[in-house]
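In TrEMBL this protein carries:
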| type | residues | note |
| --- | --- | --- |
| BINDING | B:Cys349, B:Cys409, B:Cys412 | [4Fe-4S] cluster binding site |
Amino acid sequence: MDKFTTLTGIAAPMPLVNIDTDMIIPKQFLKTIKRSGLGKNLFDEMRYNSDGSEIADFILNQPAYRDAEILVAGDNFGCGSSREHAPWALLDFGIRCVVSTSFADIFYNNCFKNGILPVVLPQEAVDALMEDARKGANARMTVDLESQTVTTSDGQAFGFDIDPFKKHCLLNGLDDIGLTLEKSASIDAYEKTAAQSRPWV
Amino acid sequence: MSGPKTLYDKIWDAHVVHEDADGTCLLYIDRHLVHEVTSPQAFEGLRMTGRNVRAPEKTIAVPDHNVPTTLDREKGIENEESRIQVEALDKNARDFGINYYPVNDVRQGIVHIVGPEQGWTLPGMTVVCGDSHTATHGAFGALAHGIGTSEVEHVLATQTLIQKKSKNMKVEITGKLRPGVTAKDITLSVIGATGTAGGTGYVIEYCGEAIRDLSMEGRMTVCNMAIEGGARAGLIAPDEKTFEYVMGRPHAPKGAQWEAALAWWKTLFTDEGAHFDKVVTIRGEDIAPVVTWGTSPEDVLPITGTVPAAESFTGGKVGAAQRSLDYMGLTPGMKLTDIKIDTVFIGSCTNGRIEDLRAAAAILKGKKVKDGMRAMVVPGSGLVRAQAEEEGLAQIFIDAGFEWRLAGCSMCLAMNPDQLSPGERCAATSNRNFEGRQGRGGRTHLMSPAMAAAAAVTGHLTDVREMM
Ligand code: SF4
């Protein structure tokens, strides 16, 4: 997994609330057995007409936002299914950070497994960042994980909270499984005790 | 921590393998359910790193999302990508030695129906699956939730998950339900009241007389949609109904083990005085048969209502409601019962169990599907299908003009050929009404099986109480 330290890039405004995982990556693209290549189908049904041509006014089709690396989105981003294809598609497109007032639980966790930083901020802060994102490609936002801040193009900074363990893993690009396997002895011990106390499991 | 505990606290505490100073825990996983869509990349990850499945005997796989549900299933899967996904699961199950119910096994079905049916899901367990509707298993008093593919790989390799504890939320449904009101109406009404983010950060325990009165099937329907309310999981304390359902299932404990298990299961309830961070109480008498009008599961209204105006909402929801109305092709002020339906879908992990089919068949008996409509029943598992045939329900559906399908997810998410066309309007017993969920441009109204059956007869959304 790639590290996430600091990112300065174009932010695309998506004020819609409840952007669900079916919008982020519709199910016809879940038939893959790979993780890569989903970026072209990110937001597929909002982004393309049924004949495959682009819907010109969709935000990521607008020239200013084609290279966006940050999304500023409405409440409850990523609700719906557990599909990790949603963060895979975002990542493959080039999005490394999503800012919202709230995220659905599973999506939020999935982001961290893929080097994407989901930033939760209060409504006023998201409103200010949404305004900044609307300025287009010349306005670059900066997200700094170490200092836990998002800074607008004109220097207004907002601090955000994040779980220290998740921060540590993301900053260092750590693989969870490797970390857990270091605790194998604890797992062995647990299984031994459980075999006595809950043998039917 | 001593002192009074919630049911969630008790199950959590029994599964902590290791706790870090900051509260990050390694949680032991008792059952890992696997389906073909969210697992291939996880098995691929194991192969690439030379890791193995730590507890294949606790891992259960079944293909459900992609499988054809038409009667000619044995001919194989036409869509190449779908076929490759199912073949990948076949191979992974074989290579790693995990429990497996292949496509043509009579026990095959939707993973969340097969787990309980086979006795894999038991009270007090931790159950995970790369699927958000894993919450279903909470009906047994198991801590069950969906995970992403990276976490699937993590559980395969370590039989644990890295977790932080959620907060406790209590949803109490008091009193009795009125006639025509079902578990689906309860769960939709809760989401309507709390919103799709109302449960974010929480594990919900459903309780109260109306919940106690539900069958195990009904409880599974309620917990199934905890995720639509944003919660990590939904739980219902096990009781005699739970034990009776579990007893004798193929993978349930037997003999002395059964007695030992039962003794522990009986301690699984929320202690008097335990703390909940959030409490929602709804009177059972106040719940009506409901439908969704929009493209979020929180867009819930009693069937006697009218389509709302976007301006009746606040904040970001105004824009979202307008988008929903446009997408759904609805005009504010119109009566919900005037909405015409093209298609009826009865099935899914929310409402694809025997009791759901009985409820729908009770409405359909001696009646016909309205001319020109498409209607299908997709049982949740091969065993549900067999039982429905034995009880004569299948014949009622067929006589009414429904297609009687094989088990799978089918039109719940339309990954297989069962899809809506643009603009096609569907009365569905599934759990998601998102844009394009049942096919690009398709319009979904969620409701109970009885309500869906009523709509099939009249051709429009219908108050089932008028047909009882
Ligand atoms: S029936 Fe629908 S919601 Fe349930 S597991 Fe299948 S696709 Fe998911």
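Glycine is treated like the rest: Cβ placed from N, Cα and C.
Within its own chain, B:Cys412 ([4Fe-4S] cluster binding site) has B:Phe345, B:Gly347, B:Ser348, B:Cys349, B:Ala428, B:Ser430, B:Asn431, B:Arg432, B:Gln438 as residues 6 or more apart in sequence whose C-beta sits under 8 angstroms from its own. Fewest Cβ neighbours within 10 Å among the binding-site residues B:Cys349, B:Cys409: that distinction goes to B:Cys349.
Each residue in B:Asp64, B:His65, B:Ile110, B:His133, B:Gly347, B:Ser348, B:Thr350, B:Gly352, B:Gly380, B:Gly408, B:Ser410, B:Leu413, B:Ser430, B:Asn431 lies on the same chain as B:Cys349, B:Cys409, B:Cys412 and has a C-beta within 8 Å of the C-beta centroid of that [4Fe-4S] cluster site, without being one of the site residues.
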